[in-house]
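Quick look at what Swiss-Prot annotates:
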type	residues	note
BINDING	HIS70, HIS72, HIS238, ASP313	Zn(2+) binding site
BINDING	HIS70, HIS72, HIS238, ASP313	Fe(3+) binding site
BINDING	ARG79, TYR142, HIS175, GLN241, THR318	4-imidazolone-5-propanoate binding site
BINDING	TYR142, ASN315, GLY317	N-formimidoyl-L-glutamate binding site
Amino acid sequence: MHCDVLWHNAQLMTLDAADGGLGIVDDGTVACQQGRIVYAGPAAQAPALQPHATHDCQRRWISPGLIDCHTHLVYAGNRANEFEQRLRGASYADIAAAGGGIVATVRATRAADDAALLAASLPRLDAMLGEGVTTLEIKSGYGLTLDDEIKQLRVARQLAALRKVEVVPTFLGAHAVPPGGDAQRYTDQVCTQMIPAIAAQGLAEAVDVFCEHLAFSHAQAEQVFIAAQAHGLHIKIHAEQLSNQHGAELAARYGALSADHIEYLDQAGIAAMAGAGTVAVLLPGAFYFTRDTQVPPIAALRAAGVPLALATDCNPGTSPLTSPLLAMNMAATLFRMTVDECIAGFTREAARALGRSERLGRLRAGMDCDLAIWDIDAPADLVYRMGFNPLHARVLRGHLC
């Protein structure tokens, strides 16, 4: 069998085991042809391969490239000053009353042109790529006007053109009510003006909504879902982060790819997600940064068979995090997730949360050849250590990056 590239003398985490584990192969080989894996498994069982190029991995570990399935990467401005104010005793209400909070990010993002937004976002993207990310989702949501939401999504597309990475764009116009606006009037605008325009331009694959008492109601979220489906877009939701608004249950009824945050998720929501195959995207960075105490119902989600994905939730207000490795450690420490769950959460299950499980997140024939090659002794090192980046190489579609 001819192939373009062969990686050998490697230990593999295929994430393709029947038991849902890491699918470890001790002496493994990965072969790639035209950007797709043609073989991944034990070297002893490999077909006769005739590669154009070979890489001796010297017993390093190979996993699927990491996938960050929930980010707000494209924004302008800096809210470190608010962090400092909170440490000195200011409340979120105090900061918001002084013009801070999400309004500050909206103001800065609206004021920035494409070039400024791109310059601000590239370092955040580069930090993620430096830890093995090959695919990430990027949400809009800091424009809150049609032109500014389009600007964010346009910059997300530009990032993918400038770096070797796959970007999955999500429209999050229903992130917050614009300053001085009315929630229902703005929801109507999202549904009748923004979603049709963004769908027509092919700028987003999915629509997200923040369903919470301080954002959009259950009924308004459903209105957004109906509009999204009418325009052929996938559905996602920020749900049950601060209270139980039954948003995850609603999203599951509409076949949502994922429900994210879900600290206050109840049993009815879990059952609905399990029945619909909706992925639970857990965001330990936001939990940590906001000093939350309501842990997502991990054991109940496990018992129901709901897939568990992880993401950084990179954003300026509640999770200024660009490290998937640190997010894994947070998930293990704060949520008591296992090593296998943490690694699967940034590979196999993250691919599922983005509707890409047919080609990303596992090492098996037919999948895209997106790899992360690690200088580690065991998979647990990726989760156990903090402030440690053992990435040896990143591969996208069979090409070293």
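Using N, Cα and C of the backbone, Cβ positions are placed for all residues, glycine too.
Candidate binding-site residues: HIS70, HIS72, ARG79, HIS175. Fewest other C-beta atoms within 10 angstroms, ARG79. Secondary structure from DSSP puts ASP313 (Zn(2+) binding site) in coil. THR318 (4-imidazolone-5-propanoate binding site): 20 other CB atoms within 10 A of its CB, across all protein chains. In the three-state DSSP classification, HIS238 (Zn(2+) binding site) falls within a strand. In this structure the residues listed as binding 4-imidazolone-5-propanoate are ARG79, TYR142, HIS175, GLN241, THR318; their two most distant Cα atoms lie 21 Å apart. Once the Cα atoms of TYR142, ASN315, GLY317, the listed binders of N-formimidoyl-L-glutamate, are compared pairwise, the greatest separation found is 11 Å. Listed in sequence order, the residues THR71, LYS139, ASP260, HIS261, LEU283, ALA286, ALA311, CYS314, ASN315, SER319 complete the 8 Å Cβ shell around the Fe(3+) site centroid, once HIS70, HIS72, HIS238, ASP313 themselves are left out. Taking the Cα of HIS72 (Zn(2+) binding site) as the reference point, the closest of the binding-site residues HIS175, GLN241, ASN315, GLY317, THR318 is ASN315. Cβ atoms within 8 Å of the centroid of the Cβ atoms of TYR142, ASN315, GLY317 (the N-formimidoyl-L-glutamate site) belong to the same-chain residues HIS72, TYR75, ARG79, ILE102, THR105, GLY141, PRO316, THR318, site residues excluded. Note on HIS238 (Zn(2+) binding site): other Cβ atoms within 10 Å of its Cβ, all shown chains, come to 31.
A 10 Å radius around the C-alpha of ARG79 (4-imidazolone-5-propanoate binding site) takes in these binding-site residues out of HIS70, HIS238, ASP313, GLY317, in sequence order: GLY317.
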